[in-house]
């Protein structure tokens, strides 16, 4: 179901591709465990619920910061791989250290380190796959984001057998608090805590949680990931104490995999010039004035509109996963708490399924078409959710539908925007940063609106964000048509040239 050229390119880059996919599994494993384990961590640190929820903020804020800083470590392939090795190893260490954190401030610092590592993984892995496959990157980006969904599904399943059935701090008020525990735990969906301020659980007493075993199991499961990155470093002869006499496949200071012509299968192909500040810079380098000289207004417009689309769609992912449970248990739906607890899992399950389905679909469909289907599908789903707002059955159907349509938005948008810019702009860094800001900001915004206006505003906000996403996508298509196409002479001379003339894949315009 894919042609021999893409297949040969995949075989040539098999080890780095599998390594980047596995590193994104670490990202997913780390992003989803905090919600279901938060009560046990609160018992472990003997902190109040308002204090422990700051752990969410420290992780999300540092994830955003790590996404901005991740580009600093990708100027050479050596720096990129060492950053991925350190980040994936840091996630295993974080899992191992969390059971030893008996103070909420220490736990927040540890989760901040995890957030930085996750941000670096997010930026570097996306960018390296784009550089390797360029015009053919859409299918591999879909697979990359499938692995983050797979990890996000796996970590709560690992933690579930070790979660406390009753309150994990034994005191005189345990009996009263234990009856509220199932409700509270279901409120702590992946990524975002619910409104917990009105629950008064004991803060002093004997800690009886067994959640430490879950974190140690996740640390062991994640350990093969940094080992895989180390083997890639070893293969490229980038480990100082293991340098051999044979020539490496890639130069340690050049991104040869990302620039090699697709019609050359010989490993002896001369290494092309390294990528410099001309493309795929880090967030801060992208903001330097010398990068703006001679650039048309459409260059900036493509970056901005692409980031705004993901700001909205990733924001929808954050706000929907964070508040669909609260919406379901409130009137008029009044869903039983145990049943409503399945909604976040259903949402993330269909996001993962959608990313799996998108892998073969993305090979036959242009990224621009996939993004269009996604944003229109999100709009229609929210419209139907508003129309059938009193139907519990359609809430579950709409949740699954929304997960499917949102699943492939990020990788398709990344492939589309990079295609417009001929892989010479700062699209990956800007889009990753915009998506991270959207997920953090819109979740806080919707939370305050629901508090003031009621649960129905949850769907209204989603509909507004969907309309804005479609509007920004329409603007992106408009600026795409206005964006100047490179002349053949300049394209042939460019070190960022996407492919040889015969490479007229599915996404050539």
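Counting starts with 1 at the first residue shown.
Each residue, glycine too, has its Cβ placed from N, Cα and C.
Unlike curated records, TrEMBL annotations are generated automatically.
Residues 339-357 are the range that TrEMBL records as transmembrane segment, among 320-338, 339-357. The largest share of C-beta pairs under 8 angstroms with the transmembrane segment (428-450) comes from 51-73, of the ranges 51-73, 137-158, 456-479. Here the listed stretches are 18-39, 137-158, 297-317, and the one with the most C-beta pairs under 8 angstroms to the transmembrane segment (213-234) is 18-39. Three or more CB pairs closer than 8 A are found between the transmembrane segment (104-125) and the transmembrane segment (18-39), so contact between the two stretches is assigned (pairs 6 or more residues apart). Long-range contacts of the transmembrane segment (369-388) within the same chain, counting only residues at least 6 positions beyond its ends with a Cβ under 8 Å from a Cβ of the stretch, are 138, 309, 313, 316, 358, 361-362, 394-395, 398, 401-402, 404-406, 408-409, 412-413, 416, 459-460, 462-463, 466-467, 469-470, 473. The recorded stretches the transmembrane segment (456-479) and the transmembrane segment (297-317) share 3+ CB pairs below 8 A when only pairs 6 or more apart in sequence are counted, and are therefore in contact. Sequence-distant residue pairs (6 or more apart) of the transmembrane segment (297-317) and the transmembrane segment (394-416) include at least 3 whose Cβ atoms are under 8 Å, placing the two stretches in contact. Of the ranges 80-98, 137-158, 339-357, 394-416, the one with the most Cβ pairs under 8 Å to the transmembrane segment (18-39) is 137-158.
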